[in-house]
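Asks: Before I ask anything, let me first share the structure, which is written out below as structure tokens.
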Amino acid sequence: MASMTRQPYALLTWHCHGINGTEVTKDAADLILLDDKFTTIERSVRAGRTIFGNIKNFMRHELTTNVAEVLALLFGVLLMTQPVGQVAATTPTLTALMVLWVNMISDALPSFALGYDVPEADLMNQPPRNVKQSILHGMLGRIFLRGIVMGGLVYVAFIWAASQGMSGAEAQTLAFLTLVFGQLWHVFDARSTRTLFARNPFENYQLLLAVAFAAVASLLVTIMPFFNEVMGTAPLSSTLYAAVVFIPALPTLILSGIKELWLRWHRPPVAPEHD
């Protein structure tokens, strides 16, 4: 016990048995075991790690998409200094209601569904985390890289639409759907501390339902006349609808693929077994 307290990041707690412990030891203990089964402790640790991991995944997805939203708007303010086609220089990349829709529907619902995710396969093989480390430790580079790429793609979609002679509403709609589907593809990448390809996409059916609902609802608000008037959206061609569904997947697939190759290349060799 004394040697444990000398470790730089040791977390020392006192515990007692809830069955055999006296009332004095129960009052002094940090942790009370309700039974003496080791499997109970193992299940508790697994549940705690699962919850903590899902919180990290939630934050990774939320911060990435928020960075993308901010940069998409900021790029429009800083880079679009003159009219492009029918679109005035003062036209924002996204309307206020589009941003609100993204935050409430296409961003929030899949993020909440991450809380239902099953743990990763190697969860109990991971070493104990450093209790002094920030919950964002090791995530900021990934968050900003993906956020910058996603936000840049939204702005490129807006400028491309304007350069093709589309109206301001059509250009904003294209940017809006690019952001929506960029987020919906990214949420599958946010499920793992490694890459998109490390998890089975069908493990979390709540996430699949949330993504499907957000995708269908976001497409409908660009088609239905009522939402066209309220949100400032406009119908697009079938070709453009197909493009905004699949093209936003490319950054997620490419970045995850590069990281997957890097991890495989730097994976330590497996030691040979000896009889």
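The backbone N, Cα and C atoms fix where each Cβ goes, and this holds for glycine too.
Unlike curated records, TrEMBL annotations are generated automatically.
According to TrEMBL:
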DOMAIN    93-259  domain 'Cation-transporting P-type ATPase C-terminal'
TRANSMEM  63-81  transmembrane segment
TRANSMEM  87-105  transmembrane segment
TRANSMEM  143-163  transmembrane segment
TRANSMEM  169-187  transmembrane segment
TRANSMEM  207-227  transmembrane segment
TRANSMEM  239-258  transmembrane segment
Asks: Under 8 Å between C-beta atoms and at least six residues away from its ends: which parts of the chain pack against the transmembrane segment (63-81)?
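Replies: Residues packing against the transmembrane segment (63-81) from afar: 89, 91-94, 99, 102-103, 107, 136, 139, 142-144, 146-148, 150-152, 154-155, 158-159, 175, 179, 182-183, 186, 190.
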Asks: Averaged across the domain 'Cation-transporting P-type ATPase C-terminal' (93-259), what pLDDT does the model get? Just tell me the whole number, please.
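Replies: Across the domain 'Cation-transporting P-type ATPase C-terminal' (93-259), the average pLDDT comes out at 92.
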